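Engineer: According to Swiss-Prot, the signal peptide annotation covers 1-19. The domain 'Apple 1' feature in Swiss-Prot is assigned to 21-104. Here Swiss-Prot flags Cys47-Cys77, Cys51-Cys57, Cys111-Cys194, Cys137-Cys166, Cys201-Cys284, Cys227-Cys256, Cys292-Cys375, Cys318-Cys347, Cys322-Cys328, Cys340-Cys345, Cys517-Cys584, Cys548-Cys563 (among others) as disulfide bond, drawing on experimental evidence. Annotated domain 'Apple 2' per Swiss-Prot: 111-194, in sequence order. Among the features that Swiss-Prot reports, N-linked glycosylation site is placed at Asn127, Asn308, Asn396, Asn453, Asn494, with the record citing experimental evidence. Sequence annotations record features per position, and here Swiss-Prot assigns domain 'Apple 3' to 201-284. Marked as domain 'Apple 4' by Swiss-Prot on the basis of sequence analysis: 292-375. Feature annotation from Swiss-Prot assigns domain 'Peptidase S1' to 391-626.
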Amino acid sequence: MILFKQATYFISLFATVSCGCLTQLYENAFFRGGDVASMYTPNAQYCQMRCTFHPRCLLFSFLPASSINDMEKRFGCFLKDSVTGTLPKVHRTGAVSGHSLKQCGHQISACHRDIYKGVDMRGVNFNVSKVSSVEECQKRCTSNIRCQFFSYATQTFHKAEYRNNCLLKYSPGGTPTAIKVLSNVESGFSLKPCALSEIGCHMNIFQHLAFSDVDVARVLTPDAFVCRTICTYHPNCLFFTFYTNVWKIESQRNVCLLKTSESGTPSSSTPQENTISGYSLLTCKRTLPEPCHSKIYPGVDFGGEELNVTFVKGVNVCQETCTKMIRCQFFTYSLLPEDCKEEKCKCFLRLSMDGSPTRIAYGTQGSSGYSLRLCNTGDNSVCTTKTSTRIVGGTNSSWGEWPWQVSLQVKLTAQRHLCGGSLIGHQWVLTAAHCFDGLPLQDVWRIYSGILNLSDITKDTPFSQIKEIIIHQNYKVSEGNHDIALIKLQAPLNYTEFQKPICLPSKGDTSTIYTNCWVTGWGFSKEKGEIQNILQKVNIPLVTNEECQKRYQDYKITQRMVCAGYKEGGKDACKGDSGGPLVCKHNGMWRLVGITSWGEGCARREQPGVYTKVAEYMDWILEKTQSSDGKAQMQSPA
């Protein structure tokens, strides 16, 4: 009988990778050796997903029901590690093997929508109800805070009293404790990892408060935000308590306790200095954080098993080196004199059994962080390269199509959308300076990100507040020059599928010929119109500055501007789109080329829109967004 290690690990968010994305599945092949965990999964794809999120798994092998006579080994999923990144393959009829997708960017997802017919996924049955379809059963599971997977007996199930029964289930490891072939039964998983739960979530972090109840895991993390992300992707964590690095008990400092309860909420909480508590974000709708953490922690050392030590120039290069190395989970970059040669210093690449540091030390001459290979972008830049494919003549956008787009709203006696903007970093938004004409007070502004429909915004919708408005020093009201401003948010944003930064162009990027450009916003659909509810998009060609100058003979079109529009008109940005993005796709990457600034009317014939040219302001953007430790806080692929 095979021994399955249920719940002896939890999903790590900062896992190792091999170099390059390998998606090939090997039929009739089984990897020999290297086992780090085993479980039951309904197919090879789900087994691969579990491998992708496991801290040590690089390879997997799966045994379908048809591949083996031993009932206890059917649907067996074996997760494997290897120092070299590969293992010997042996022939096994029906077996399927493959690689982790940690290195595969946008293919990284914990969402699994498939329905499996003719199988019963076993676990702890905690809720039974009558429903009319398997889809309704899956929806109930998704809307139940404890449900991980389900089974549904169809109308043709052999026992009439069980027909249309929907069984909600969970297990210690989040996967079935057994899978049995059973006619007229359909099974599947909760869609909470798809950000489709209707439960709602608590995004607040509670300072100096400790939650009670059952601990399901304990890890070391540098801050409460890493703790929360780990909780979000742990199969049984519903809330957490984090003990800071100044907690009174030294052995408990930086401990992140992942917790659960029967009710789904803490049964009690206790005021405690230097503790921080919060909730899993798995039940958030459309706002799940990415399963990675990009922040670098200066003055901090991460301890763990040593993989390699190499000399590199700068902490960012150290993080990139960790990200590219086959098994690196986290790193420390040392600035000790004895660890440096000329301009390069030692980069310590490390790993652990659970993907988290085994020790965290403060007040050092090092900087530490995590591998970025579970970031969905799939490259060293956090800014996104993905979309699905004041807008006049535009069409409706879809969820996640333009994840950098934000709505700048003003709340005085009433609240209204005023301008657009572009997310360029965890704490930075780029927009037009003229949006703040007459409204320079930061307290009246609310920044909404990760939204599609303005009508979805209610008094309970989370928003960002402004910490600082930075308007270009040469901007003058009622003039079109230097129409650019930065917004620093009071708190950093988590990146999600619907909320990611746009890449910035290279400094002085004037030679690139862009042919696939889009403008987005909620602005008027005609000159004398009204704000649109659904985010609009329009594909629009760039116009040379020489041609643009001919159309605006009473104005000066400078090299710091870029124009776009159709000669015949009909499609353009308009009122309410100001500050929003003009983005262009080049070599597979979206870049913020312009900021919606001004124009003569909206979509008029031979009157192109004028945009602030972002490439001409890269020095200014870098200067203003540079942090105290010298790490740029916006996202640029250059």
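Including glycine, each Cβ sits where the backbone N, Cα and C put it.
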Engineer: Have a look at the disulfide-bonded residues (Cys57, Cys77, Cys284) and report the one with the fewest Cβ neighbours inside 10 Å.
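Structural biologist: Per-residue Cβ counts within 10 Å for the disulfide-bonded residues Cys57, Cys77, Cys284 bottom out at Cys284.
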Engineer: Count the Cβ atoms, other than its own, that fall within 10 Å of the Cβ of Cys194 (disulfide bond), considering every protein chain shown.
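Structural biologist: Summing over all protein chains shown, Cys194 (disulfide bond) has 18 other Cβ atoms within 10 Å.
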Engineer: Does the domain 'Apple 1' (21-104) reach the domain 'Apple 4' (292-375), going by 3 or more CB pairs under 8 Å (6 or more apart in sequence)?
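Structural biologist: Checked: the domain 'Apple 1' (21-104) vs the domain 'Apple 4' (292-375), in contact.
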Engineer: Hey, how far is Cys563 (disulfide bond) from Cys517 (disulfide bond), Cα to Cα, in Å?
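Structural biologist: One finds 11 Å between the Cα atoms of these residues.
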Engineer: Measuring Cα to Cα, how far is Cys137 (disulfide bond) from Cys256 (disulfide bond) in Å?
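Structural biologist: Between the Cα atoms of Cys137 (disulfide bond) and Cys256 (disulfide bond), the distance comes to 34 Å.
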Engineer: Around Cys548 (disulfide bond), how many other C-beta atoms are within 10 angstroms of its C-beta?
Structural biologist: 21
Engineer: If you count Cβ atoms within 10 Å of each one, which of the glycosylation sites Asn127, Asn308, Asn396, Asn494 comes out on top?
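Structural biologist: The residue with the most neighbouring Cβ atoms within 10 Å is Asn494.
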Engineer: Looking at the recorded positions Cys227, Cys284, Asn308, Cys375, Cys584, which has the shortest Cα distance to Cys322 (disulfide bond)?
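Structural biologist: Nearest in space to Cys322 (disulfide bond), counting only the recorded positions, is Asn308.
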Engineer: Which three-state DSSP class does Cys318 (disulfide bond) fall into?
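Structural biologist: DSSP call for Cys318 (disulfide bond): helix.
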Engineer: Between the disulfide-bonded residues Cys47, Cys292, Cys318, Cys340, which lies closest to Cys111 (disulfide bond), Cα to Cα?
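Structural biologist: Given the candidates Cys47, Cys292, Cys318, Cys340, the nearest one is Cys47.
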Engineer: Specify the nearest of the disulfide-bonded residues Cys51, Cys256, Cys284, Cys318, Cys328 to Asn308 (N-linked glycosylation site), where nearness means the distance between Cα atoms.
Structural biologist: Cys328
Engineer: How many other Cβ atoms sit within 10 Å of the Cβ of Cys201 (disulfide bond)?
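Structural biologist: If we count other Cβ atoms within 10 Å of Cys201 (disulfide bond), we arrive at 20.
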Engineer: DSSP helix, strand and coil counts for the domain 'Apple 1' (21-104)?
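Structural biologist: Counting residues per DSSP class in the domain 'Apple 1' (21-104), I get 16 helix, 33 strand, 35 coil.
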